[in-house]
Ligand SMILES: [Zn+2]
């Protein structure tokens, strides 16, 4: 859709005259499926058509009435899974077949050549009571359904002789599903009507509805549809009357619940991305298919906080339902612009309990209403997100020269939401805790999290909504872009935070780690087909690698040129709205080519997009001729398997954008200048740099200093050097004065560089690539350990410190064992003590104003808060004496306040009101806490009146306990579905597994309770991936078999997480056998009084 395009006719409605009703359903009790069924019952179908046609024409709505009454009388118990009670008409039951046809169709484009849905008229009737009370007017039998709903899909075909229409509808209820979302089609309620062009409409007979796996249905027609040609447009209306379920599993259209006093109350919302729209209504549920939508919602009159993507055409009106017992309201919404179906969203909530905070933003003319909607008790905490959203939307529109062309923007926080948020156009739905920021209670990192997620979701308004990936195999075109842009939007809205340099720590580092796994995949992944495979694409590769590769393109082209190219890309593609990676590259080439004709970004970028993994570039300076630099590239992959040979050699050669700087060069400007001088290394190896690299070879002029490549980590690769160069870097870093003036800067003064060097060194050592001082030995850990040990006590920035401690955390997990752990933990105590003592880390004073540009205390940037917290967390973990004492003191003082005071927002009398460190005090105070203190904490945790995020903070503290029975108790509480919300179980297990004892107990619990746990993918990735022995690997494989339960991995949602975890454990086993003893003995030599 173009922004010049008019969508003025919002009231346009499709009038479809249905003269006959022609539905045939398979008999639900039949054991036969699909085609067999059709052949046998064909005569019956024809009869049925005639009969149903007569019935519908004669009594129309009374058929519906009769059915409703029948159900009221017969179904007042729990919802059945599949089939409803026998309807009153004689054409057979309405449910789907018990066994779906085995024929596999996963892509509509494969089945539906030429069919183009252009518009949906959707009517959803929401049968949800406001409370769980028995006297609610919604009949029990109808509760949590969308009975009475319909959708009429306008479509055309460009191909002749079309006699089938393939689309999605929920009918394939997974085993063990509690509620299901089965859609039942009424008798005679699937119709295809040729829409009137000049005279009158004509109904195309539907001969059967076929049900296939993955919620595909095929409508078989009795005659061919007429094709639309250049000269004539023929439109059809495919109409379903249906009834779906409003489940409680946070997927599709679902209900979320909250407490109001002693009442349990409901709201209805939705989460459709990526393929759950089909759970709510029959649709063409693929990202590359765009249509307009006109929605009507009918709901009990108490739910007056009702929203969807667009504004209401008129205020909600009373609506009279056939049974007349409920007071209904009806809201009709404006037609959307063309968009994929997954971007639809709904909120149906009580106007007493849910409130909107709205501003009229001057972003557009007329002003754009931007609202934060949330629970009235905490709506004030939405002020920060609301302020941020205005700054972010302005920056987005300015940078990409693309106004937000939509009538409103709502951001709603709901209590239960499986993701952090989803970018539904005009109605972004967030998990409540992702959107709300409570001054005086929330931490700096929570505040940063709100800004980051709002930035991410709002950047999707362009990258994701205006331009949508054509298929989920390229979801990086949505998610990589949003992840790339979120940081610049957050930075623009909070310029004082000092977070700009953290992009590579947050993004590139994570992506390099994930993309070194043998189970990784390419950004462009054409193999993606099944729902489980689609889910698996929403991962670190699509998000973080996608962002890092875009960052690399921007680094090569320079940011202003890259942004200009994106502006053209948006402008060129927004007409169709569906994008492929080739469209992006073509536009980038177009922008650069005229100025630099040899530049061919499409070729250079090919392997970064089409191939999994990335290279490590090894540079060796000739001792005889320091002006000559040889290089070679190899794929950087973690080994798996006992003998390290399981990985087939990968011959991929990446075009590496190469930058180089000499460590002797001084001045901050020299660093950025070096980052701009890029040349390409396109060979596997060479003895000297190519001629093209003459611009970077001045770095080789001085032979007494070190070289540093991949300046500011613009390129998505790792760098290895010869031993001499590493030694020079270690030496330079150990003498660095981080307080030096800008004029005295070297590359090592750039915190990006320090974090990058540390991360590269540890990861190179992990697979034996670091050059050893002893040439007869394979790579070892002396380089990364000396690099960190030599300087880290002088570090002042969060990014490099976190990079070091993240990598050391891997050592900590792998060295857990009777001979290796004691020397390692003793060393870490020696390392952390001076850091802790010099930093005064408990005394944070983060400025907590909610305004977007509130000036923080000049000394207390976000970076310094995070830096201090990391020091406390690590120092206490390794039992640095002063740290534990202070934690215990703060914890006891806090607990003595009593439950009322302990959670009083902004309570200035609270000694722990230094909120940034509260969770750390809870954790390490609890570790040595008494039984009485444990019981006090537990009472608070199960107290239903405290907020969910406070419960998680408590749980996080309690998870640090060192007592077996307490940890086991906590595992039970985490998984009971009552104490904390199911969406948070993954976080709870992750907290518990932080310490060795908790990890072991959580792993046992997981094996015993696999079938009943929520959030299993994240738990298996976290806990399973850090196992490290052969017998644990066997247990993990056994559990995988349980999870598969005889199915193909492509059909099991947790399969990708299991496969990644298994590969990680294989790497861990290999690592432990090679390096555990070595590292344990190395650390004994570091930081000893008399080494
Ligand atoms: Zn996203």
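A Cβ is built for glycine as well, from the same backbone N, Cα and C atoms used for every other residue.
Any TrEMBL annotation is an automated prediction that lacks curation.
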Given ranges 41-66, 67-92, the stretch to which TrEMBL attaches the annotation transmembrane segment: 41-66
Listed co-binder of Zn(2+) (same site as 456, 460, source TrEMBL) among 438, 470, 479: 479
Confidence summary for the domain 'Aminopeptidase N-like N-terminal' (117-343), mean pLDDT rounded: 88
Rounded distance in angstrom between the Cα atoms of residue 479 (Zn(2+) binding site) and residue 543 (site 'Transition state stabilizer'): 5
Mapped DSSP class for residue 460 (Zn(2+) binding site), helix or strand or coil: coil
Listed in sequence order, residues not in 456, 460, 479 with Cβ within 8 Å of the centre of the Zn(2+) site Cβ atoms: 423, 457, 459, 463, 464, 478, 481, 482, 483, 486, 543
Long-range Cβ environment of residue 456 (Zn(2+) binding site), under 8 Å and at least 6 residues apart: 421, 482, 483, 485, 486
Under 8 Å by Cβ from residue 543 (site 'Transition state stabilizer'), same chain, sequence gap 6 or more: 476, 479, 480, 482, 483
Count of other CB atoms lying within 10 Å of the CB belonging to residue 479 (Zn(2+) binding site): 25
CB within-chain contacts under 8 A for residue 460 (Zn(2+) binding site), separation at least 6: 423, 478, 482
